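As recorded in TrEMBL, the features of this protein are as follows:
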DOMAIN    210-402  domain 'Major facilitator superfamily (MFS) profile'
TRANSMEM  12-41  transmembrane segment
TRANSMEM  78-99  transmembrane segment
TRANSMEM  105-131  transmembrane segment
TRANSMEM  143-160  transmembrane segment
TRANSMEM  172-192  transmembrane segment
TRANSMEM  213-237  transmembrane segment
TRANSMEM  249-267  transmembrane segment
TRANSMEM  279-298  transmembrane segment
TRANSMEM  304-324  transmembrane segment
TRANSMEM  345-362  transmembrane segment
TRANSMEM  374-394  transmembrane segment
Amino acid sequence: PSISDFPDGGLRAWSVVIGALLMSFATFGWTCSFGVFQTYYQINTFRDLSASNVAWIGSTQYGLAFVPALFTGRLLDLGYYNGPLAISSIIYITALFLVAECKTYLQFMLCQGVATGFFAGMIFGSCPAVVSHWFLKKRCRAYGVLALGSGTGGTLLPILVQQLFDKVGFKWTIRIAAFVLALAVFVANLLLSPRLPPSNVKGGLFNWVAFKNPAFTCCVIAYNVALLGLYVPLIYLELSGQAAGLSPNFTFCLISIANCSSLIGRLSSGVLADRYGTLNTLIPAMVISSLMCFAWPFVTSQVAPLVVVTIIYGCTTGTFTSLLPSTPARLGGISDAGRRIGMTNTAMIFGAAAGPPLAGVIQTTSGGFEDVGFYSGGVVMIACVLLIITRRLALGKWTGKF
């Protein structure tokens, strides 16, 4: 399609973005809230397990959310979207309700880790590609609005869960949260709709030809490396603050503060990326995020510095979340965008799943969080270098908009 074929706005186009936002709220907004469960499980349900073992539930959930994008992206390109979306939505909500009935570690792993993670990916995985059907010039801006969903969910859901834990107990906390997410998913199903006709691009489910583009390959590697450390502070912020002696009533707010701050990065980064370029916006933000990962463990006992670091960290990680699909979408034709974004997301399972447990092992071994911060900040900085290389490969020069 030519540039003039894309609506780039209007009621129908923005309603699709709102649908994707709601789906983001109900999926990644939920997975980004696992820090509250990490603390609750370590203190209550699984007191005899290490932080690393508990973290595997959350990292499995988060990691598996990336896997189905490969299938959903390809199905979208072939013209199959709303049917698989509806079926997966029903299974996802059912899995959420089943978490309330879990009693053993294995049951929590299967329901909260595997089932909700995989089917969160099934219903959200192709949302960025659907949005790309409706936007071109303002695509990054649309992605920024889409990404507000997970930030809003990550802000409000931890507060909801934490308050309900004390008032109605674990089971009804999960059930009430599941009802809220079910409403968001239902409305999203009504709003989401692809625009472009089916396109049976050669290459099958996994298009290896895309990896012949060195910029695309480097981008996928960079994203994986980033996920090894980028969200580690989000999981351990509350626990590290309590370990340093801060009040639990304050520390549980840190996750919401980080996610609320990410809304600024998610929305502003879309506007900046449309004007200056995706990687030109993303790379500086990730450098700052890396520095915050380094700094976080050294301010856990001081309220004001910890809040400042958390806010800056939230803003910059929000930029990554917002702009994540934009670079893969640009590194090839629009007819193959769904599959290309899907391949990128599926490949990211390695970093997403391995990062938090690795941090848990480091924390258990060292007995503190300083080494966790060095690990987290270090791998994010390596990802920044890889993104700089990606930009150079895509442009063929060091300067320019990309």
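Just so it is clear, glycine is given a Cβ too, placed from its N, Cα and C backbone atoms.
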The transmembrane segment (172-192) vs the transmembrane segment (78-99): 3 or more CB pairs under 8 Å: yes
Best-contacting stretch, by C-beta pairs under 8 Å, relative to the transmembrane segment (12-41) and drawn from 105-131, 279-298, 345-362: 105-131
Whether the transmembrane segment (304-324) meets the transmembrane segment (213-237): three or more C-beta pairs under 8 angstroms: yes
Among 78-99, 105-131, 345-362, 374-394, stretch most in contact with the transmembrane segment (213-237) (C-beta, under 8 angstroms): 374-394
Beyond the flanks of the transmembrane segment (279-298) by 6 or more, those residues with Cβ under 8 Å of it: 226, 229-230, 232-233, 237, 240, 265, 269, 272-273, 306, 309-310, 312-313, 315-317, 319-320, 323, 327, 368-370, 372-374, 376-378, 380-381, 383-384, 387-388, 390-391, 394, 401-402
Averaged pLDDT score, the domain 'Major facilitator superfamily (MFS) profile' (210-402): 88
